[in-house]
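Pasting a structure below so you can have a look.
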């Protein structure tokens, strides 16, 4: 990349609503702060209550941490753009944001798969639960998730750094996404789309399909329970994860159904759903649908 330090990216967030920037700023600021507070509260409750140190809650604690990172990578800069009107990002800022965004996205998608596997083992293989998901295995899983996410981000970022760019390039989104950067370049191999599709298959589609298979087995086991109360109680242990997974993948898939080469004004609004809204509602869903976590929250408040 020639004269790399002089390259800047022109971020165009919600250009159609430019006259409402202060209103949008207030909404996003409140959503961001609420999400941070709720996720920190969940982390605190799980860490302070030894009865919640089971694999399911450990994974959920990590999900809250990832959600905090997820929003912090993108929202503060968006708020600065909306408030100051300075929508130019240096090449270093843009690539740094992309790098950490990919890490968080990869980690969240993989963790959702692990949480689904946790529920599968708990319901379909309860006698082997503590053998399969013991403390050492859980630590190994979390370390593997982060290492894999860092490596994946490197694989996606490195080809972008070799592309030629104009002195000022426009990005049709509220943050620097890898595909937006690629589309803003002065030409590059279309094989990069294959790389991104491959990354989506490995970190999103395959885990999603595996989760569907897991829930198919979970539902089969639940239907074999004779008592209605037993079925409801068993299903309640995985309903939170199921709801979170459906919301996350629904919002994300709608965004990526738009052809990469044809980003539209709709793309930023879809990105808002799975980058800003979903991390905020995740702790609400888990807290409201998990009685043990809700009781722990109430005890902590008292």
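Cβ coordinates are placed from backbone N, Cα and C, and glycine is handled just like the others.
Pulled these from TrEMBL:
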type	residues	note
DOMAIN	38-286	domain 'G-protein coupled receptors family 1 profile'
TRANSMEM	22-50	transmembrane segment
TRANSMEM	57-79	transmembrane segment
TRANSMEM	99-117	transmembrane segment
TRANSMEM	137-160	transmembrane segment
TRANSMEM	200-223	transmembrane segment
TRANSMEM	235-258	transmembrane segment
TRANSMEM	270-288	transmembrane segment
Counting Cβ pairs under 8 Å to the transmembrane segment (270-288), which of 22-50, 99-117, 200-223 comes out on top?
22-50
Looking only at the domain 'G-protein coupled receptors family 1 profile' (38-286), what is the model's average confidence as pLDDT?
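Average per-residue pLDDT within the domain 'G-protein coupled receptors family 1 profile' (38-286): 85.
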Do any residues of this chain, six or more beyond the ends of the transmembrane segment (200-223), have a C-beta under 8 angstroms from a C-beta of it, and if so which?
105-106, 109-110, 112-113, 116-117, 119-120, 123-124, 152, 231, 234-235, 238, 242, 245, 249, 252, 256
Residues of the same chain, at least six outside the transmembrane segment (137-160), with any C-beta under 8 angstroms of its C-beta?
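Same-chain contacts beyond the ends: 55, 58-59, 62, 95, 98-100, 102-104, 106-107, 110-111, 114, 178, 181-182, 185, 188, 192, 195-196, 199, 202-203.
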